[in-house]
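To keep things clear, I will list the structure first and then write my remarks on it.
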Amino acid sequence: MDQLELIRALPKAELHVHIEGTFEPELMFEIAQRNQIAIPYQSVEEVKQAYNFHNLQSFLDIYYAGANVLIHEQDFYDLAWAYFEKCAEDNVVHTEMFFDPQTHTDRGIAFETVINGLQRACDDAKAKLGITSHLIMCFLRHLSEEAAFETLEQALPFKDQIIGVGLDSSEMGHPPAKFERVFAKAREQGFLIVAHAGEEGPAEYVWEALDLLKVNRIDHGVRSEEDPKLMQRLIAEKMPLTVCPLSNLKLCVVNDMAEHNIRRLLQQGVHVTVNSDDPSYFGGYMNDNFIAIAQALDLSNEELKQLAINSFEASFISAEEKQKWKLQIENLH
Ligand code: HPA
Ligand code: ZN
């Protein structure tokens, strides 16, 4: 099998995707029109021209503006359904999606509206596409600890529909330590824990995510390589990193894909996985990310298979399901 065929044939789990970051300009225009909300662009082309980010913050400004047109349950359904169709094209058979409740509740949209739309899309994806999924809600770290506590409170009636809690938005100046107490409460309530750390922020933030938030996975974490002791810890604990290559390139975390460290991390025994982060904004979904690193870093077919196996092992599915997908991947030749 040639490499492109292998990438397409591999079953994959996606563990780092913000549902608001899958919002394609075409759908944004359609929903904006339907909801009679003005957006500062005349055409899809104009939207795409605005996507010339140079760091995380310049992306986040546009990403939050785009989410403003989402009002009704059906809007959240349509958003998630469009993403599931991309999953089907890329053979992503399982996904653990982030959503940012505060981006919506701060605009007066009920928590319930958001989760009901997303959940209905998840149910349809299972029934119609055979794709399984979990929802992870993220706190916006540029907002206060108090606001995160309020959001956690709002989520409790929907606890059975939310597998975990994460931390995203502007990393610099908002260390995991700021949310230590909220995450302690989330753990008490039975949520699994993830956090963005070591994307733009230093290795120190990864230590905090491990020691203070007690994460089950680190989102991004590519700057961990700067700290040999941290690398030893990640390897010893088999701590997954959900790496997002096209995102890192677009936000200038790396200057060239040939300089990306995902292959070095893999070779050193770090449990890395491949993910799309905000695919509508960063130029590609799951397979585009696989293709980009396979080409730039000259990955072998065995390495591609290992990355796909890692994605299931790092996921929150059952041990039986993990074993089933691992066998399928091993049997691809
Ligand atoms: N980093 C932090 N916050 C985010 C990201 C990201 O890559 N995508 C959406 N929110
Ligand atoms: Zn992210």
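Quick reminder: no glycine exception, Cβ is built from N, Cα and C everywhere.
Annotations in TrEMBL come from automatic prediction, not curation.
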Please identify which of His104, His174, His196 is recorded by TrEMBL as part of the Zn(2+) site containing His16, His18, Asp277. His196
Taking the centroid of the Cβ atoms of His16, His18, His196, Asp277 as the Zn(2+) site, which other residues of that chain lie with their Cβ within 8 Å of it, listed in sequence order? Val17, Gly21, Phe98, Asp168, Asp219, His220, Thr242, Cys244, Ser247, Asn275, Asp278
Using a 10 Å radius around each Cβ and counting other Cβ atoms from all shown chains, which of the binding-site residues His16, His18, His196 yields the largest count? His16
Which listed residue (Glu199, Asp277, Asp278) has most other Cβ within 10 Å, given these are recorded positions: Asp277
Cα-Cα distance linking Asp278 (substrate binding site) and His16 (Zn(2+) binding site), given in Å to the nearest integer: 9
